[in-house]
Amino acid sequence: MTGGAGGRASLPPGPYLVVDAAVCAAVGRRPADLAAAAVRSGVRTVQVRAKHVGVRELVDLTVAVTDAVRLAGPALVLVDDRVDVALAARARGAGVDGVHLGQSDLEAGDARALLGPGALIGVSAARPQDVRAVDPAVVDYIGTGPVRLTRTKPEAAVAAGFDGLGEAARTSVLPVVAIGGLGLDDVPAVRRAGARGLAVVSAICAAADPARAARMLVEAWQQQPSGMSGPSRAGVA
Ligand SMILES: Cc1ncc(COP(=O)(O)OP(=O)(O)O)c(N)n1
Ligand SMILES: Cc1ncsc1CCOP(=O)(O)O
Ligand SMILES: [Mg+2]
C-alpha cells in the first residue's frame, strides 16, 4: 500500500483505526485481532498506540498487529511516537509503513532520514501556526485533534472542535485526519470540514461489535460527499 506519486506514500482516505493497547485491554480484546477485523471491514490505515508499555512489548505488539493486518487486507500500519519501534519491527520482517509523530517526538526530518522516502509520516498539529510549521516536503499528513475532549487522551485539555478542524484543513497543503471523540454520527461533519480521514480509538476498539462498527464507518464515509474546502482537498476521495 505504500508508493504514492514520486515514490512517496499517500494516506488512504476514510476511517483510520488507532488500535490502542489500553482500550483493548479494558475490553479484553487482542489489538492484532481487532486490527485485522477492522481491515477486513474496509479500514485502510491502522496505527499502533500503546502509551503504558515498555519498548520491547511495543515492538512485539507492532509485529503482531502488522502481521495480522497483512493477512487481513491492503492497509497501512503506522506506529505512534516511536521511530525506533518501527525500525525494530521492520528488522524482524514486519512491513511497518511509517509513524505518527506528536509535537514532542522525533522531528519529522529525522524520522524521514531513518525510515526512508517510501515511509508514511504523519504529525499532530491543531493550531494554525503548528499546521503551517509542518514541512510538506517531509510529512505526508496531519492529525488534528482532539476535535472533542476524550477520555482516551485525558491530558489533551483543549478541543479543536469542527471549526478548528476546518481551519486546519483549509490551512494545510497536506491531507488532514480528524481525531478525538469521534464516531459514526460525525462522518458528515468531518467530511464537510475537508478532512481526508477520521481516526478513532473507542468507536471501533470499544464497540460491542468492532467489525460491524468499522464497516459502518467505512460505508458512511463512502456515502458522504467531501467538503472539498481547502488545499488538502487534492486526492480526497
Ligand atoms: C491520526 C492521529 N492524529 C493525532 C494523534 C495524536 O498523536 P500525539 O500528539 O502523538 O498523541 P498520542 O497519541 O501519542 O497521545 C494520533 N495518535 N493519531
Ligand atoms: C490519540 C488521540 N489524539 C487526539 S485525541 C486521541 C484519542 C482518540 O480516541 P477516541 O477515538 O477514543 O476519542
Ligand atoms: Mg503520539
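Glycine residues also receive a Cβ, built from the backbone N, Cα and C atoms like all the rest.
Quick caveat, the model's predicted, so the values are computed rather than measured.
The annotation in TrEMBL ties GLN47, VAL48, ARG49, ALA50, LYS51, SER124, LYS153 to 4-amino-2-methyl-5-(diphosphooxymethyl)pyrimidine, and of the candidates under consideration, ASP80, ASP97, ASP105, the one tied to the same site is ASP80. Same-chain residues at least 6 positions away in sequence with a Cβ under 8 Å from that of ASP105 (Mg(2+) binding site) are, in sequence order, ASP81, ARG82, VAL83, VAL99, ALA111. Candidate binding-site residues: ASP80, ASP81. Fewest other C-beta atoms within 10 angstroms, ASP81. In sequence order, PRO146, GLY180 constitute the residues six or more apart from LYS153 (4-amino-2-methyl-5-(diphosphooxymethyl)pyrimidine binding site) in its chain with CB-CB distances below 8 Å. Within the set GLN47, VAL48, ARG49, ALA50, LYS51, ASP80, SER124, LYS153 that the record links to 4-amino-2-methyl-5-(diphosphooxymethyl)pyrimidine, no two Cα atoms are more than 17 Å apart, and one pair reaches that distance. Shown are the binding-site residues GLN47, SER124; the one with the most C-beta atoms within 10 angstroms of its own C-beta is GLN47.
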